[in-house]
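To start, the structure under review is shown below, and the notes come after it.
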Amino acid sequence: MLATRRLLSWSLPARVSVRFSGDTTAPKKTSFGSLKDEDRIFTNLYGRHDWRLKGALSRGDWYKTKEILLKGPDWILGEIKTSGLRGRGGAGFPTGLKWSFMNKPSDGRPKYLVVNADEGEPGTCKDREILRHDPHKLVEGCLVGGRAMGARAAYIYIRGEFYNEASNLQVAIREAYEAGLIGKNACGSGYDFDVFVVRGAGAYICGEETALIESIEGKQGKPRLKPPFPADVGVFGCPTTVANVETVAVSPTICRRGGTWFSGFGRERNSGTKLFNISGHVNHPCTVEEEMSVPLKELIEKHAGGVTGGWENLLAVIPGGSSTPLIPKSVCETVLMDFDALVQAQTGLGTAAVIVMDRSTDIVKAIARLIEFYKHESCGQCTPCREGVDWMNKVMARFVRGDARPAEIDSLWEISKQIEGHTICALGDGAAWPVQGLIRHFRPELEERMQRFAQQHQARQAAS
């Protein structure tokens, strides 16, 4: 969420070299997907079991947590780095590296972990399922992650609209306190750690890490200029790491089963399992945990029952939430669902929220609606975003009608490029990329619509 700009610098295709030698090591995997049930981390994703402490314990949560804590920060960070885990909130930054930024000599200030549960990206609902059905995984993850970075407390910033999810999370935290799992001498480890819940107020911009920090501090949710980065000056002026719900929730399982186990899924630099949301024109919309690098076509057909009307009825897919550029059917045939493959396809994994659009979709109107959302959610702090997104919104409204000239398509492209990379946070990028994807793959549709409007206008003038 609002973190996809950094994805580009961490998702360049890995350089491949081939050496002929007597090496007898096992060849690298070439097929991905079909995750086995015993390898799933989120075992109560659909709420079929008890989400409270008793049920969580029966599913393996809080197992040997004390031993993990006693092994110390360096061991935990080593396992996270070995796992190859990358941030699950959109940026894809290596988690072990990010968490290690907090392990500097103490200057007397406390350190904090902030969990970004402000899930507001259109099409994204993976974190909601964790909060609702597996809250103890997140609470335990806060403890393990906090230990790794020497934090004294975690603040879970949860989207204001998530009333039931916040209630379940509060119950899970209370149960953990009562059982001695968090708080003073957490799990009997001698480590003190508190967990607090902060409710948001429905602002999408607060999904950006520094705007989220501002909101926790009681200020307007507007992004800060960086540097200083949160690892130096974060919440209450103290060193802070902001992490996604899914990223934090998987850390205890990685420590229990080993970083090598986790890195065995997916391609190199794109390892592990991942929660995918599949919505739109599919027969069975769902949230599913699957192996990273699973083919997009397999993901849709196996878990979502396929595209309505069959695969040939597919028009386009937004692969990573509303802020990632769409890809047409021709790309969807072969693309893999991971960071590097989707960057090569000129889009991004983002939050892995797959939005499927069949041939009945008015693709121009769909993208125009997304731009209207970003225009509404812009905080107005940066001129390129405030003025540029408003301008794009007005132009896209005319493109929906066809009331424009083909040359304006190039103008819209140029404006989107002027917004991209010229704002404090990535909301401007998130607004620009859907437009760029539309122009890149559906320019003929735009031109045809404009031509049709011009012909109708001429016919009306001739009739009058």
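Keep in mind that glycine also has a Cβ here, set from the backbone N, Cα and C atoms.
All protein chains considered, the CB of G89 (NADH binding site) has 27 other CB atoms within 10 Å. Residues annotated as NADH binding site in Swiss-Prot, with similarity to another entry given as evidence: G87, R88, G89, G90, A91, G92, F93, P94, T95, G96.
Sequence-distant neighbours of C206 (FMN binding site) (same chain, six or more apart, CB under 8 Å from its CB) are D118, G120, Y157, G200, L212, S215, G221, listed in sequence order. In three-state terms derived from DSSP, C206 (FMN binding site) belongs to a helical segment. Summarising the annotation, Swiss-Prot assigns FMN binding site to 199-247.
For C379, C382, C385, C425, the entry in Swiss-Prot reads [4Fe-4S] cluster binding site. The secondary structure of C379 ([4Fe-4S] cluster binding site), as reduced to three states from DSSP, is coil rather than helix or strand. Cβ neighbours of C379 ([4Fe-4S] cluster binding site) (same chain, under 8 Å, six or more residues apart in sequence): A203, I205, A211, Q220, G221, K222, P223, L427.
Annotation comment: Swiss-Prot describes K81 as N6-succinyllysine, evidence class similarity to another entry. Cβ-based neighbour count (10 Å, all protein chains) for K81 (N6-succinyllysine) stands at 17.
Per Swiss-Prot, N6-acetyllysine is recorded for K81 (among others).
Under the DSSP three-state reduction, K104 (N6-acetyllysine) is assigned to coil, being neither helix nor strand. Remark: K104 (N6-acetyllysine) has P239 as non-local neighbours, by Cβ distance under 8 Å and separation of at least 6 in sequence. Among the features that Swiss-Prot reports, N6-acetyllysine is placed at K104 (among others), with the record citing similarity to another entry.
In three-state terms derived from DSSP, R257 (omega-N-methylarginine) belongs to a helical segment. The omega-N-methylarginine annotation in Swiss-Prot covers R257 and rests on similarity to another entry.
Take the CB of K375 (N6-acetyllysine) and look out to 10 A: across all protein chains shown you find 19 other CB atoms. Per Swiss-Prot, N6-acetyllysine is recorded for K375 (among others), and the stated evidence type is similarity to another entry.
Residues annotated as transit peptide in Swiss-Prot: 1-20.
Those same-chain residues not listed among C379, C382, C385, C425 yet with C-beta within 8 angstroms of the centroid of the [4Fe-4S] cluster site C-beta atoms are I205, K222, P223, S378, G380, Q381, R386, T423, I424, L427, G428. For C385 ([4Fe-4S] cluster binding site), applying a Cβ distance below 8 Å and a minimum sequence separation of six or more within one chain yields S378, I419, T423, L427, G428, A431.
If you check the recorded positions K81, R199, P227, G234, K375, C425 against T95 (NADH binding site), the ones with a Cα inside 10 Å of its Cα are K81. Sorting the binding-site residues A91, C382 by the number of other Cβ atoms within 10 Å puts A91 first.
The Cα atom of G87 (NADH binding site) lies nearest to that of K81, taking the modified residues K81, R257, K375 as the candidates.
Checking each of the recorded positions K81, G89, R257, C425 against I213 (FMN binding site) by C-alpha distance, the shortest gap belongs to C425. C425 ([4Fe-4S] cluster binding site) and A91 (NADH binding site) are 12 Å apart (CA-CA, integer value). Between the CA atoms of P227 (FMN binding site) and G89 (NADH binding site) there is a gap of 21 Å.
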